[in-house]
Amino acid sequence: MSSNVIEIYADGACKGNPGPGGWGAWLSFAGHEKELWGGELVTTNNRMELTAVIRALEALKRQCSVRIYTDSVYVQKGITEWVHSWKARNWLTSDRKPVKNVDLWKALDSLVQQHQVEWVWVKGHAGNVGNERADALANKGVDQVLGREVV
């Protein structure tokens, strides 16, 4: 782990798709850690995956070098590959349909312009400690919106 890079593990969870969902992010920098989580009563897994990354980037107080770990190919490819074409087509897909979750994609696109971001895809539920922590936080977000006790 490089000490001058903020490492972010982000994950989303959904009980039903759509259904109640949660997002979680674990930030680590120079021995300091921060946990973020939340949720929505009616959402989708993709919205929660995007929200996790957005909330993590919003928590940064200044321009930073950031390494974001996600198990969502949708988020990773969306922001590194697809977003450029979407913007060129005024937020339409290649078959001229509106991009889903455009509100979140626009927010994420704006936030990544403010930082130096490296995107790393990790396999979900495969024992990666950071990803497991983000997953637990996302599930905490689900529990919170469902009124379950959050520990």
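Using the three backbone atoms N, Cα and C, a Cβ is placed for every residue, glycine included.
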Mg(2+) 1 site partner of D11, D71 (as recorded in Swiss-Prot), chosen from E35, E40, E49:
E49
Those residues of the chain, 6+ apart, with a Cβ under 8 Å from that of D11 (Mg(2+) 2 binding site):
W23, G24, A25, E49, A52, T70, D71, S72, G124, N131, A134, D135, L137, A138
Looking only at the domain 'RNase H type-1' (2-143), how are its residues distributed among DSSP helix, strand and coil?
56 helix, 46 strand, 40 coil
Report the member of E49, D71, D135 (the binding-site residues) whose C-beta atom has the most other C-beta atoms within 10 angstroms.
E49
Rounded mean pLDDT for the residues that make up the domain 'RNase H type-1' (2-143):
96
